[in-house]
Amino acid sequence: MGDRGGAGSSRRRRTGSRVSVQGGSGPKVEEDEVRDAAVSPDLGAGGDAPAPAPAPAHTRDKDGRTSVGDGYWDLRCHRLQDSLFSSDSGFSNYRGILNWCVVMLILSNARLFLENLIKYGILVDPIQVVSLFLKDPYSWPAPCVIIASNIFVVAAFQIEKRLAVGALTEQMGLLLHVVNLATIICFPAAVALLVESITPVGSVFALASYSIMFLKLYSYRDVNLWCRQRRVKAKAVSTGKKVSGAAAQQAVSYPDNLTYRDLYYFIFAPTLCYELNFPRSPRIRKRFLLRRVLEMLFFTQLQVGLIQQWMVPTIQNSMKPFKDMDYSRIIERLLKLAVPNHLIWLIFFYWFFHSCLNAVAELLQFGDREFYRDWWNAESVTYFWQNWNIPVHKWCIRHFYKPMLRHGSSKWVARTGVFLTSAFFHEYLVSVPLRMFRLWAFTAMMAQVPLAWIVGRFFQGNYGNAAVWVTLIIGQPVAVLMYVHDYYVLNYDAPVGV
């Protein structure tokens, strides 16, 4: 009986072996499962020897898929593995969830858009935008102030010309540059505060233009000073690297760079840092330029529409909770304002740093197009400020941070000095046009110093990135509401909320 059972078992093993050979075209996993099934213990008919379950006959259909023939199903269908959402699984393809988030975002904002239209109607009025720039159609103070900035450009050029030939001493040249740069800061501010016909929006454009001019001429003065110092040491200066061919013939050295053509190219170039030889693109790409111009036009209209249709009603309805000091309503209005404010800020970033600066760079064949880096991946506040506005960051490092380190300042003092400078310009561009000084923008910028330490100390990785996004989404609406509230209190009666 036992011998018969053993013989039967042997025959069954050979049969299982034969099936696995016939199905040899299948994957190795299937062969292992057949082999495991053949040797798995089971009681035979006589109970004196293990009898394996018959292995399934695996075959391939014409499409190459595995099909199961006659026999029992596989005994093993589980293996050691983690759930996909577990960190140990190594799974990282969440594209479908990302698409779901985008769909939910679109649907949520579509509901807000419809709610806004039903509640307020269509508020977009392109003609009204003109009144933001001009009170009197016969008085154009802001454009006149911007045109007058050429006086300071010519003054800086003439100072450098005389320094190059030795007609001025370095001390006298420094004094004249300080006077010129100080006037650049004070002159437009005086116009914005004293001329009644200039509008707040016109003042912002004028002050922004003069602030850019200040940074450019500061860099122009520094680079020419470095060239003179190098010339004194080496008796011959060439700031560019030695190259051969046509590039070598086009390279400019000091003082040959002191021309109006060179200076005005720098004034219009999308950079704040002066060089004697800028990288140049070989040609103007017309299709690329056309795309950027169309983006500029489209996003300009989109920003104006969102401000008129979405932000203005929300801000107006936020005045009464501020007046009544209704904190729960203030928080609700703050969160309601955060969405359109942040969306407009993101659109402005793309419009200015990608569309506008690339369009200007393409026209001037300016080769360095790194106007921003991946600030959206910032895991710290410091990384965000270092990567979202590259022209300003380069200027701060080159003309402020490193000179302070060379003069013996610590890194912490130098960083604080950079934030102080940035805080001054933020307050300058907000308080002067509104003709009120509340220091909200200055305080917000200086608060970035302890905030950077807190985020860097307690938040890492994705949590740090989330903390940066929260400060961007919530922080800006707070400043906007503070200034708008104070401006309405000073100039108008607070409107009653709807």
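Cβ coordinates are placed from backbone N, Cα and C, and glycine is handled just like the others.
Marked as region 'Involved in homomerization' by Swiss-Prot: 1-100. Marked as region 'Disordered' by Swiss-Prot: 1-66. For 1-92, 166-170, 233-284, 365-410, the entry in Swiss-Prot reads topological domain 'Cytoplasmic', with the evidence type a curator's inference. Per Swiss-Prot, the feature phosphoserine maps to S20; the stated evidence is similarity to another entry. Sequence annotations record features per position, and here Swiss-Prot assigns transmembrane segment to 93-127, 140-165, 171-193, 201-232, 285-319, 327-364, 411-431, 440-458, 461-492 based on similarity to another entry. The region 'Extracellular loop 1 (EL1)' feature in Swiss-Prot is assigned to 128-139. Sequence annotations record features per position, and here Swiss-Prot assigns topological domain 'Lumenal' to 128-139, 194-200, 320-326, 432-439, 493-498. Among the features that Swiss-Prot reports, region 'MBOAT fold' is placed at 140-498. Per Swiss-Prot, the feature region 'Intracellular loop 1 (IL1)' maps to 235-287; the stated evidence is similarity to another entry. As annotated by Swiss-Prot, region 'Intracellular loop 2 (IL2)' applies to 365-410. Per Swiss-Prot, the feature motif 'FYXDWWN motif' maps to 371-377. Residues annotated as acyl-CoA binding site in Swiss-Prot, with similarity to another entry given as evidence: W385, Q386, N387, W388, N389, I390, P391, V392, H393, Y401, R415, Y488. Taken from Swiss-Prot, the feature region 'Amphipathic helix (AH)' applies to 391-405, supported by similarity to another entry. The active site annotation in Swiss-Prot covers H426 and rests on a curator's inference. Positions annotated as site 'Important for catalytic activity' by Swiss-Prot, on the basis of similarity to another entry: E427.
Annotated features taken from Swiss-Prot, shown on the structure.
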{"residue": "W385", "record": "acyl-CoA binding site", "DSSP class": "helix"}
{"residue": "P391", "record": "acyl-CoA binding site", "DSSP class": "helix"}
{"residue": "R415", "record": "acyl-CoA binding site", "DSSP class": "helix"}
{"residue": "H426", "record": "active site", "DSSP class": "helix"}
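When pLDDT values are averaged over the topological domain 'Cytoplasmic' (233-284), the model yields 78.
Below 8 angstroms of C-beta separation, residues 197-202, 205, 304, 308 of the same chain, each at least six residues beyond the ends of the topological domain 'Lumenal' (128-139), sit close to that stretch.
In terms of DSSP helix, strand and coil, the region 'Extracellular loop 1 (EL1)' (128-139) has 6 helix, 1 strand, 5 coil. Count of Cβ pairs under 8 Å against the transmembrane segment (201-232): among 285-319, 327-364, 411-431, 440-458, the largest is for 411-431. Long-range neighbours of the topological domain 'Lumenal' (194-200) within the same chain, counting only residues 6 or more positions beyond its ends whose Cβ lies under 8 Å from a Cβ of the stretch, are 131-136, 139, 141-142, 145, 206, 433-434. With respect to their backbone Cα atoms, H393 (acyl-CoA binding site) and H426 (active site) stand 15 Å from each other. The record assigns W385, Q386, N387, W388, N389, I390, P391, V392, H393, Y401, R415, Y488 to the acyl-CoA binding site, and the maximum Cα to Cα distance across that set is 39 Å. By neighbour count, meaning other C-beta atoms within 10 Å, the densest spot among the recorded positions W385, E427 is W385. Look at the Cβ of each of the binding-site residues N387, N389 and count the other Cβ atoms within 10 Å; the largest number goes with N389.
Sequence-distant contacts of the transmembrane segment (327-364) (same chain, six or more residues past either end, CB-CB distance under 8 Å): 109, 112, 265, 268-270, 281, 284-285, 288-289, 292-293, 295-296, 299-300, 302-303, 306-307, 310-311, 314-315, 317-318, 321, 371-372, 388-389, 472-474, 476-478, 480-481. Pairs of Cβ atoms less than 8 Å apart link the transmembrane segment (140-165) most often to 171-193, out of 93-127, 171-193, 285-319, 411-431.
Other Cβ atoms within 10 Å of the Cβ of R415 (acyl-CoA binding site), summed over all protein chains shown, number 18.
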